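Q: Residues or ranges marked as GTP binding site by Swiss-Prot on the basis of similarity to another entry: Gln11, Glu69, Ser138, Gly142, Thr143, Gly144, Asn204, Asn226. Per Swiss-Prot, Mg(2+) binding site is recorded for Glu69. Positions annotated as methylhistidine by Swiss-Prot: His137.
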Amino acid sequence: MREIVHLQTGQCGNQVGSAFWQTISGEHGLDASGIYTGDSDLQLERMNVYFNEAGGNKYVPRAVLIDLEPGTMDALRSGPNGALYRPDNFIYGQSSAGNNWAKGHYTEGAELVDQVIDVVRREAESCDCLQGFQVTHSLGGGTGSGMGTLLISKIREEFPDRMMATFSVMPSPKVSDTVVEPYNATLSVHQLVEHSDETFCLDNDALYDICIRTLKLSSPSYGDLNHLVSAVMSGITVSLRFPGQLNSDLRKLAVNMVPFPRLHFFMVGFAPLTSRSSSSFRTISVPELTQQMFDSRNMMTAANYQNGRFLTCSTLFRGKVAMKEVEDQMRNMQNKYSSYFVEWIPNNVQTALCSMPPKGLKMAATFVGNSTSVQELFNRVSNQFTAMFRRKAFLHWYTGEGMDEMEFTEAESNMNDLMSEYQQYQEATVSDGEGAYDAEEGEAYEQEE
């Protein structure tokens, strides 16, 4: 079976990750300690994508939990799902990265990384046919961003032909934890562009908006935000975990979603999002789901896709949905919003179906889009980065850990290149595409010579 090894690093990564495990262990009929209590064979059929069977009907998540300080781990271990994880898979330091990317990537994190790789190797060896890795982390802090990206590049070295998906929480415009977020995020994006195959961009700001506007929560907690993220994560992987008519795995998703290797930063959305109070007043239908899924306010990435164009997008419907109805709806959507799709990639919307709905819903849909408007997100970070870097503010925290200013300059220019690549494809048309393509091929040949 196509197994996935899950790594969660840093405080944010661990909290998002534990919400994810809570969601999918519920979907597979496991109780809080991993004992199977479900009633459907479908739940067991592909349990081993994410779980190892321990014996005695107990299933253990194939998760590696990593942090540079013990606090988050202790909280997880004593939390409601603490008994779910394998105790050897908690790996933590005692020092904390202190929101410093350099500590996570070069000093503190580097000391711990071999230990982590050993555990990852052990998890990978217990798989029949490892499909890839997924990492949950934030890009604003020190551990998730610095050590998270270090792990990604180490795993890349060791497993070069496996997929690497990351769920990355971007620093948001309004909610800032630390003043050095722009540095940490830029340095991380610099790594993700090179080493990740698919990065699902999440954003606290967008998540807050959804909680307040759509779910009508007056003061959302991180628990509420993580619940939204776990719904998307569960939706993206559902076709691996349950049988369906159209299955997609991480690799198929990447093949369909990534037209150019560097442009693998996706916007995600989920439907139905209804407040608990109003959910009983509406029936969920396929048109309703599609409508809500393409609503820019329901995107979990703080970038408005209407300012850019979709290179590709993928939708996953779950529940008792008629294939034909979904295809008709998707066709309508593409016609209605045709100006938001690039016309030089025909059939750029891919649909997958799965017969198993999430807990408590009759049907649901997950949206993943590769939109050029994701550059807004990078642009925001880049502007803050430039403002601080021009004055060399806070740089001594990084150089003190052995980093060089050159690295910052490289990361900055890589991010600017990424933005201009997105912009280039946003403006490309069918006719001028040919010329541009030849030019690029020509460059490639010259470099090879």
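Yeah, the Cβs are placed from backbone N, Cα and C, and that goes for glycine too.
Context for these features, please: burial, neighbours, distances.
A: For Glu69 (GTP binding site), the number of other Cβ atoms no farther than 10 Å from its own Cβ, over all displayed protein chains, is 19.
Annotation note: Glu69 (GTP binding site) sits in a coil segment as assigned by DSSP.
According to its DSSP assignment, His137 (methylhistidine) is in a strand.
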Q: Rounded to a whole number, how many Å is the Cα of His137 (methylhistidine) away from the Cα of Gly144 (GTP binding site)?
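A: Given the Cα positions, His137 (methylhistidine) is 5 Å from Gly144 (GTP binding site).
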Q: Ser138, Asn204, Asn226: which of these binding-site residues has the highest Cβ count within 10 Å of its own Cβ?
A: Ser138
Q: Within the chain of Gln11 (GTP binding site), which residues six or more apart in sequence place their C-beta under 8 angstroms from its C-beta?
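A: In sequence order, the residues whose Cβ lies under 8 Å from that of Gln11 (GTP binding site) (at least 6 apart) are Asp67, Gly71, Thr72, Ser138, Gly141, Thr143, Gly144.
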Q: Since the record lists Gly142, Gly144 as binding-site residues, which of them has the fewest other Cβ atoms within 10 Å of its Cβ?
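A: Selected from the binding-site residues Gly142, Gly144 on minimum Cβ neighbours within 10 Å: Gly142.
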